[in-house]
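Student: Below are the features listed in TrEMBL for this protein:
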| type | residues | note |
| --- | --- | --- |
| DOMAIN | 9-188 | domain 'L-asparaginase N-terminal' |
| ACT_SITE | T104 | active site |
| DOMAIN | 215-327 | domain 'Asparaginase/glutaminase C-terminal' |
Amino acid sequence: MTGADGAERLLLVYCGGTFGMRDSGRGLVAQRDLGGVLGELVRECSAQRSRDVDWELAQPPEIIDSAEAGHGTALSIADLIRERLGSADRAGSPFAGVLVVHGTDTLAHAAAQAAFALADLRTPVVYTGAMHPLGTPGGDAERNFARAFAAALAGGGPGVRLVFGSADLPAVRAVKRSSEADEAFAATRPLAEPTTSVPGLAAALAGAAGAIPPRVGMLTAVPGLPPALVEAALLAFPDGLVLECYGAGTAPLSGRDAREVLLGARDRGTPVLAITRCAHGAVELQRYAVGAALAEAGVIGGSDLTAEAAIAKLRALLRAGYTGERLALLLRLNLVGEQRPLGE
Ligand code: ASP
């Protein structure tokens, strides 16, 4: 989309992260005001293009180390984007693209959350960040910004992507793989092209903007995982729990105590979604008896969702008002490319 003078329009959302950090003397801290640096970067990137780029800056109220993100942080960034794009998005957004600069620790979480919360929008959204602050000799911040800037304006169609290093990944498949390398993000699972469109889902997602963020979290299976810890996790995350299982969806939770805890969650309406910690393959709860025990206790199979996409999907659907059987059904479907539909 172009402005009246033929310039392209970009919405730039700066959220914090190493990209804009400075040394505080006791570690790196995020800076709210980057001075004129963002404008300078936009000017440099625009100079590479044949047309001028008009840009608008949006910032969430808190500029943070993304490790401090809470239940609502990523959703509030998505809501900010929706608000700035306005209802014009469907007819033709006032912006050609959106570029979000975010910390890398929860970049995959934030981008996946936006992919679900903004699934009804038509404007391309690109998330990026950096492993080194702006101005670091040989650092990646300027480079990543330039690539993400170009990707946001490339007219690549709707959807949320994560552009980092040389990678350009679907947000719902991306994971942070390295705490050191410039190529910090990867997608080990293929994008599953959605084949179904769910009646009412777009309106429900749009209508949920601004609503209270559901308290959703994750617990990882380890040898000796006590049912009491599952119970505690369900108390801490009363709206929904992702259970990161072994292999095909197994966990040491087939005993009576665990079953009672899980059935209690089901009766309270707290969904428990099983995913696998393996980088390849999907959950298949019926393959082993210990997995079948989870299914019998109400646990829902999460196919081959990444942890980030699982948390984001559950949170977005809950915020959109889905519960019970309807929620379970949507969790089994591939909505935006996030998973192999169950049964495949
Ligand atoms: N702790 C930083 C953050 O996530 C890491 C980074 O941005 O690279 O905000």
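Glycine is treated like the rest: Cβ placed from N, Cα and C.
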Student: Across all chains shown, how many C-beta atoms besides its own are within 10 angstroms of the C-beta of the residue listed as 'active site'?
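Tutor: Within a 10 Å radius of the Cβ of the residue listed as 'active site' lie 24 other Cβ atoms.
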Student: Would you mind pulling the DSSP three-state label for the residue listed as 'active site'?
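Tutor: The residue listed as 'active site' sits in coil per DSSP, no helix or strand.
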